[in-house]
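The structure under discussion appears below in the form of structure tokens.
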Amino acid sequence: MTLIVTGAAGFIGANIVKALNERGETRIIAVDNLTRADKFKNLVDCEIDDYLDKTEFVERFARGDFGKVRAVFHEGACSDTMETDGRYMMDNNFRYSRAVLDACLAQGAQFLYASSAAIYGGSTRFVEERSVEAPLNVYGYSKFLFDQVVRRVLPNAKSQIAGFRYFNVYGPRETHKGRMASVAFHNFNQFRAEGKVKLFGEYNGYAAGEQTRDFVSVEDVAKVNLFFFDHPEKSGIFNLGTGRAQPFNDIASTVVNTLRALDNLPPLTLAQQVEQGLIEYVPFPDALRGKYQCFTQADQTKLRAAGYDAPFLTVQEGVDRYVRWLSGQV
């Protein structure tokens, strides 16, 4: 049976395609916005059956042109949290997603989709409950609104619907994201260009570089998606993060030490890195005051209750792997 991955040439989508290939799955229809032709580079080492534009795909899928479709991994979306065009965001992230969901329900296909931790906005609790969901931007709102549709549909759905609220994802195949790429990606490139990594100084009670995020490797994101793919009886909306909040200092320090290791240099403590000017703290920008999350941490209770029991990579493990991969691409 056919598998479909939307956003297949994007960051998470391409990693899911690659993970499916590693399991021997090659009957994959890759869907993306083909107006950005250069994104195909993420699929060069992948095996797929077809590569379709997102608009053509929705029309053909609704008509049943692809025969029996087992599952759709719906990763296609505008993920730019700074985007301010509400019409574009709602068309791309909400209405498009509804059309794909409707086609999956009509054809009995599994529907696994990308939600986002941006739904939580400025909340200090990160649990899949309506009471703590308060998005701060139109991107988060578009994801929030679609999750509400899913909640209404789930009780009567005859096929799987599984949504994943991604926290701060990093890893291979994100180069095309530019300014929206992960902190690890930017730290790597900054260190190679300038010989140091710059982090925000103290803010809102957090010491310099100690603002924290739940940083999750795209390797783990792909594994969770495939776990639910293997268990079509499991539906719901789930946080997808490590359950650990780690400071930006951990990312920067791991980037520095991994690059040092590749140059056969010994590791340094964070204090030594700061003392030697390898990590530098800059004043917290006024433009971000009051709009910046200093803490995110996924509540994994629901994910673990669904049966996913594999450990998640720490920042030290995942970023080390990622930096070595990036170094091999240069």
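Cβ from N, Cα, C; glycine included.
Among the candidates His186, His231, the residue that Swiss-Prot names alongside Asn168, Arg179, Phe200, Gly201, Glu202, Tyr203, Arg213, Tyr292 for the substrate site is His186. Counting only same-chain residues six or more apart in sequence, the Cβ atoms lying under 8 angstroms from the Cβ of Lys39 (NADP(+) binding site) belong to Ala9, Gly10, Asp32, Asn33, His176. Sparsest Cβ environment among the binding-site residues Phe11, Tyr203 (other Cβ atoms counted within 10 Å): Tyr203.
The record assigns Asn168, Arg179, His186, Phe200, Gly201, Glu202, Tyr203, Arg213, Tyr292 to the substrate binding site, and the maximum Cα to Cα distance across that set is 23 Å.
Ranked by Cα separation from Phe11 (NADP(+) binding site), the binding-site residues Asn168, His186, Gly201, Tyr203, Tyr292 are led by Asn168. Distance noted between the C-alpha atoms of Glu75 (NADP(+) binding site) and Tyr139 (active site, proton acceptor) is 14 Å. Here Tyr203 (substrate binding site) is compared against the recorded positions Tyr139, Lys143, Lys177, and the shortest C-alpha distance is to Tyr139.
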